[in-house]
Amino acid sequence: MSSPTVRLPRYRSALFAPANQLEVLKKLPRSRPDLAILDLEDAVPDSAEAKQQARQVAREAQVWLAAHHPEQAVYLRLNAVQSPYFADDLDALTPTLAGVVLPKLERAADLAEAVEQFGARGLAHLQIMAGLETVAGVENAGELLQGPGKGPSKGPSKGAVKGAVTSAYFGAEDYVADLGGVRTAAGLEVLYPRSRVAMLARLFGVAAYDIVVTKLRDDAAFLEDARVGRSLGYGGKLCIHPAQVALSHQVFSPSPEEIKRAWALLAAYEQGQQQGRGVIAFEGQMVDAPMLVRARAVLASAEVEA
């Protein structure tokens, strides 16, 4: 059985900014990220006073962005459901948000609790991005992303919430810290979980976003890492600096050459079909079903109708 098609906004970039810095939040649309994320978690000091101040700023920023940049999709990253800050974070949600990020998500029960809280506040419309960034989160990714009625499985996943999660990301830094491993430039220590999250997201029709690159002034490193993410099946990348947005779009958008080749391949296939040929060659290679799927996916990514 093939994987379900992801029919959600195609976010090639998700740019984080500290939720306690209003002027920085107002500048988020300048770099034109597909998704702007106001961060109440890691970007805000770990104290009750700092978190409360950030919530107030985040609410103000949401209203300002909705008024001045209504085209900008905005999410709010809350603190983890099991943290002492989560309950109060709910007060920072406004109807202008497109969605929320639930970081360090590990248990279906926590997801269910969050969904219940959003519904109680009249915010059931919020899309949920799951942060899979711990050993338990990666291990339970299938249960968290699935939900009853999603994917090929016949029975619902116990405790999961139907269709709750619409996107997910893998957090490499937190994962390695939780694992007790060592982060390396080669990244072999995260190849398995990085691949697992992308695979399960695809299986259950959830959009997947790739790991952060912490080297802020190394464009080459970002581009190389993003290309690896795309090859693994990710559709976009988490960004922590405005300069990374354009780089992410460069990698996760089809190039003119890719689009041209996709059109040519599909045209050659259609011509072969009209001529009654079941098998055709294109650029010296036999055209099979996966090649057609990839070509159509390229055109879909470019918002071109094949």
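Cβ coordinates come from backbone N, Cα and C, glycine included.
Keep in mind the model is a prediction, meaning the values are calculated, not measured.
Summarising the annotation, TrEMBL assigns domain 'HpcH/HpaI aldolase/citrate lyase' to 12-242. Here TrEMBL flags Arg77, Glu133 as substrate binding site. What TrEMBL lists as Mg(2+) binding site is Glu133, Asp174.
Positions of TrEMBL features highlighted on the structure.
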{"residue": "Arg77", "record": "substrate binding site", "DSSP (3 states)": "strand"}
{"residue": "Glu133", "record": "substrate binding site", "DSSP (3 states)": "coil"}
{"residue": "Asp174", "record": "Mg(2+) binding site", "DSSP (3 states)": "helix"}
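A separation of roughly 6 Å, to the nearest angstrom, links the Cα atoms of Glu133 (substrate binding site) and Asp174 (Mg(2+) binding site). Arg77 (substrate binding site) and Asp174 (Mg(2+) binding site) are 16 Å apart (CA-CA, integer value). Taking Cβ-Cβ distances under 8 Å and a sequence gap of 6 or more within the same chain, the neighbours of Arg77 (substrate binding site) are Phe16, Ala19, Ile37, Leu38, Asp39, Leu40, Glu41, Val100, Val101, Pro103, Gly131. When pLDDT values are averaged over the domain 'HpcH/HpaI aldolase/citrate lyase' (12-242), the model yields 93. Scoring each of the binding-site residues (Glu133, Asp174) by how many neighbouring Cβ atoms lie within 10 Å, the top position goes to Glu133.
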